[in-house]
Amino acid sequence: MANPEPMMDQLEPANLAKPPPKKRGRPAQPKEPKEPKPPKVPKPPKVPKAPKPPKDPNAPKGKPGPKPKKGAEAQADGKQEKIDESFKKVKRKVDRFKGMSEEEVMKKTLPDLLDYNLDYVIIGINPGLMAAFIGRWFPGPGNHFWKCLFLSGFTEEQLNHMHDTTLPVKYKMGFTNMVARATPGSKDLSSKELREGGKILVEKLKKYKPLIAVFNGKCIYEMFCRELFGKKPTKLEFGLQPHKIPDCDVALYLMPSSSARCAQFPRAQDKVHFYIKLRELRDQLKGVQRSTEIEEVQYSFDLHLAKEDAKRMAIKEEQYDPGYEDAYGGAYAERGAEGAEGQTNGHCTFSTGENREGAQEASTSQLAEGQLPDGQWMTQSFADQIPDISGGPKEGGV
């Protein structure tokens, strides 16, 4: 009898327990014990800051924004300062006056260009630094004076500040200022200088007696009225002024400032209108007939008139053609000449078989001239091409 197979639980578990996997890498080395850290030294107590002095209410306020670091502190630290908004670009200084300082230029002045029997005298407040340095009138590249003279028809060609000495002789136009001292701006003038300058200006106008005194800007005219009449005008408009200088027949004319910084009229073409009106005032005072070379036209638009005009034009385009009614024997039909071979009604010709060839030759000659003859569509008969569907005897063509 065969040996019975051993039971599964009696067998020893062979190959059931796997050996542990081998660790890769070097075996771990024992760590050396760390040295103990030295005890921390206690920090010295902070010295209390001294109390800030109370702010002076009358002291000027500082500018807003981050305060720039001082150079001494940066050198002491030995570190480079951070580039932030506090660093501003240093503007490159432009040598406008070729080495001269503004104080030296302010000692210069701009001579007047005046003469007797002038038509215009252009009046400014006082010379600017560039005008005093160069010694010419309106030398700024952004000034609109010379451009407006050309655009308004005062001059035949575009001039500049180098031609200022030719204007009194050629165009009867002079120049002067209310105050002779040169400054960076008119705000640098004192009230005493303006008061004395107004009196000097009146004496100049009474001496040379120009036809029109032209004030270049509202500011100068307000100062002049305040010094001459004791108060500013309540309502000030450009053009001829109602005020008069005592014992003087000079007309006072106000026009916008020729400077490009004039906010009300920033472009040169905005100011040309007042130069044109200045010429018209000169012609009016002299009794000269108005020139038609330069003429302003005022345009107006009326919607009602425009609609009526449009209707009129539409009716005019749809011209009445009497030949259309004549072809059908309308009321406008006319009888042809007696004894004529063909029948006419004044515009269209009804041809017969005999004169059909002559009509074709006439139409050909008219077409050669580039004109379409009246009633051309009636010169040929198509009655013989109509088929007979009645079944009766055929008749000849009409």
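Placed from the backbone N, Cα and C atoms, the Cβ positions cover glycine too.
Look at TrEMBL and you will find 29-38, 70-86 tagged as compositional bias 'Basic and acidic residues'. According to TrEMBL, the feature compositional bias 'Pro residues' maps to 39-51. If you look up TrEMBL, you'll see 343-353 marked as compositional bias 'Polar residues'. TrEMBL lists 112-247 with the feature domain 'Uracil-DNA glycosylase-like'. Under the heading region 'Disordered', TrEMBL lists 1-86, 338-398.
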Stretch-averaged pLDDT - the domain 'Uracil-DNA glycosylase-like' (112-247): 91
Per-state residue totals over the compositional bias 'Pro residues' (39-51) - DSSP helix, strand, coil: 0 helix, 0 strand, 13 coil
DSSP-assigned states of the compositional bias 'Basic and acidic residues' (29-38) in counts, ordered helix, strand, coil: 0 helix, 0 strand, 10 coil
Helix, strand and coil residues within the domain 'Uracil-DNA glycosylase-like' (112-247) as assigned by DSSP: 56 helix, 18 strand, 62 coil
